[in-house]
Amino acid sequence: MDALNAIVAFSNFVMVPALAYGAQLALGALGVTLIYGILRFSNFAHGDTMAFGTMSVILFTWLFQGWGLSLGPLPTALLALPFGIALCAVLVLGTDRVVYRFYRAQKVKPVVLVIVSMGVMFVTNGLVRFIIGPDDQRFADGERFLISARTFKQMTGLDEGLAIKTGQALTLVIAVIAVALLFWFLNHTRTGKSMRAYSDNEDLALLSGINPEKVVMVTWLIVAALATVAGTLYGLDKSFKPFTYFQLLLPFFAAAIVGGLGSPLGAIVGGFVIAFSEVMITYAWKKVLGYLMPESLEPSGLVQLLSTDYKFAVSFVILLVVLLFRPTGLFRGKAV
Amino acid sequence: MKLRDAGLFALVALLIVLTGVMQSWNLALQVLNMGLISAIMALGVNLQWGFAGLFNVGVMGFVALGGLAVAITAMPPVPEAWSAGGARVLLAMVVAGATIAGAVAIWRKRPKARGWLVAALIVVGFIFYRFLFDPARDAIEAVNPALQGNLGGLGIPVLLAWPIGGLLAAGAAWLIGKTALGLRSDYLAIATLGIAEIIIAIMKNEDWLARGVKNVIGIPSPLPSAIELQQGEGFAERAASWGADPVTASTIAVKLGYAGLFAAVLIILLVLMQLALNSPWGRMMRAIRDNETAAEAMGKNVTKRHLQIFVLGSAICGIAGAMMTTLDGQLTPGTYQPLRFTFLIWVMVIVGGSGNNYGAVLGGFLVWFLWVQVEPMGQWLIGTLTSGLPEGDLKQHLLGSAAYMRLFTMGVLMLIVLRFSPRGLIPER
């Protein structure tokens, strides 16, 4: 019984949150890695693109809620998601047209594009705060839990409850769908193949008649969709706050680099590596260990390696270790 | 300096004077003081980016370390806290340092199974560190928590804390540079971004060090305070003889004093930077920046030079951070935000002109002026634009959001400069 309780406690506090967070990170890191692969720069504005997409979803959610539309137990945000993606796509295509295209034509060094993306970051950040304000927004409606801790306890008769939030379950389902779609697109469609060709060798791709502007446009569209989905799922699971989204930039980069910049599969693996290590290192293991160990050995402290405020430090240390010992990442990404 | 550059400086001076005439001299001097500090930060970033092409987006961390140095040196010590756990905390720090040094040493010596050895050493060291550290931290934080709950400082004069802030930032930069330099430019950017966040996280959470988010207040000032001035002999009479209200006169006098101190620091640094830029060392740095391979072929040790300039630039940011905390009179870790303390400094350097010290200084003043003034201008603009709108939620929302115009404006300014004058207002020559 104790072992079962320990497993349930572990799932409730580590497994489920880390899986959901990992899926959100993976989606965000995919966006970073795609931009790196195709446009060849680290996009500092990605967190704010995500905030903008999520903000659009929230605005449409409010609109639909005002009309009385709802999806029953599912959050209304799902209905608003396509519209949010469309608005975010307009933003990124607009910035590409107004800002990035000029530098692409000049073939500037990647670091210049990174600095330019800092400018875009300021603009997007200001725009989001201007429209929706800097405060926390909760926009999850519908059923809050798939299984609440109490129902789980009643069903199983265990001491520990396992709560799964709708946002967490949705995150996994939608992330799987999104990733499957993305890989199908990259591997089986003409445009997807031309994107991979362009990422592998720009000159050869151009020589074989691939239209670079189209590749770039499709990339931005995919990035807008991924960023909006990732942001919305993160917001449904936790809450939406522009500053938090800006800060997610660091775990995104960590995930993308750990997996290997430019490698989509690496971004997904990296996302889960970062999420699991963040959650496991900042989790207080007292409860789980208490079930597993004999009473005499039970830990007196919290058995928490680091306080939760240091979760950025965890992703960062992993990032450093990977950079120092395997600079191309786990999946042999690019090292331009 | 060319005539055009001097004109640009005169323009910024005019803007500050206009602020004084149209708004208030207190505000104008505030802009001037923070402009001086911003200019110093911009000099630090310019040293790294403009001279050597190092992409440091962890400026916030070094600025915050400078501020931390003020709090842990200039504040009076808390003897109860030291006796409660000071020695034990220091011992824990020694253990932590020894563990890391030992791990590096083992790794370098390449014994068999070095991975396991290093991992074992780190685990043992970590447990021992927590065993020493946790009780000491609790004991220190229990000492008079409403006012102190930390070790306090060393009680040395606050002006001496400025170079110490530079040293602290330099030490951190050395550690970071040892590990992260040599990575490609955007990896270095992400590494520094992360380190800055970690430094802020430490400062927010380690209450025993500098009270964390409870803030250290009442940092001693190098100048007499406004109230001391007002009570001083004959100050009120002298103010009255100039036709000024003694309260305003005293606050202005204090700000002028700070402006003098900061200007002295800025001028010293600027002279040193100019000398460095035009010295063989500066030429070597630019050569390394422009073509690392060629410089290496000429026998220059690129990694060492990069480390050197990274440490120097970070030290300048640390000094500026210490000055800022002294000016504020308090250390508030919660207010350090990357947009304000890292990316805004980058806007200054890019707009002013990277690679040119005068450009960085100009950018510091100009961008800081805009940062302060865009908010009221935005308020006015939105107010005028919405004056025709009926009263309601939308109007309220727009008026309330006007404050965020400045992020937007900074971004647009940076993008415009990058597009139409990519070398900045005062380009490198």
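The backbone N, Cα and C atoms fix where each Cβ goes, glycine too.
According to TrEMBL, the protein carries these features:
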- B:7-25: transmembrane segment (TRANSMEM)
- B:31-47: transmembrane segment (TRANSMEM)
- B:54-75: transmembrane segment (TRANSMEM)
- B:87-107: transmembrane segment (TRANSMEM)
- B:114-133: transmembrane segment (TRANSMEM)
- B:153-175: transmembrane segment (TRANSMEM)
- B:187-203: transmembrane segment (TRANSMEM)
- B:256-277: transmembrane segment (TRANSMEM)
- B:307-327: transmembrane segment (TRANSMEM)
- B:339-358: transmembrane segment (TRANSMEM)
- B:365-382: transmembrane segment (TRANSMEM)
- B:402-420: transmembrane segment (TRANSMEM)
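Fewer than three CB pairs closer than 8 A are found between the transmembrane segment (B:31-47) and the transmembrane segment (B:153-175), and contact between the two stretches is not assigned (pairs 6 or more residues apart).
Contact between the transmembrane segment (B:153-175) and the transmembrane segment (B:54-75) is present: at least three CB pairs lie under 8 Å, with pairs separated by 6 or more positions in sequence.
Between the transmembrane segment (B:307-327) and the stretches B:54-75, B:114-133, B:187-203, B:256-277, the greatest number of Cβ pairs separated by less than 8 Å involves B:54-75. Contact counts against the transmembrane segment (B:339-358), taken as Cβ pairs under 8 Å, peak for B:402-420 among the stretches B:114-133, B:187-203, B:256-277, B:402-420. The list of residues near the transmembrane segment (B:114-133) in space but at least 6 beyond its ends in sequence, with Cβ under 8 angstroms from a Cβ of it, reads 88-89, 91-92, 95-96, 98-100, 102-103, 106-107. Taking residue pairs at least 6 apart in sequence, the transmembrane segment (B:54-75) and the transmembrane segment (B:187-203) share three or more C-beta contacts under 8 angstroms. Same-chain residues lying 6 or more positions outside the transmembrane segment (B:256-277) and placing a CB less than 8 Å from one of its CB atoms are 29, 32-33, 36-37, 39-40, 43, 46-47, 51, 159, 162, 222-223, 316, 319, 323, 327, 357, 361.
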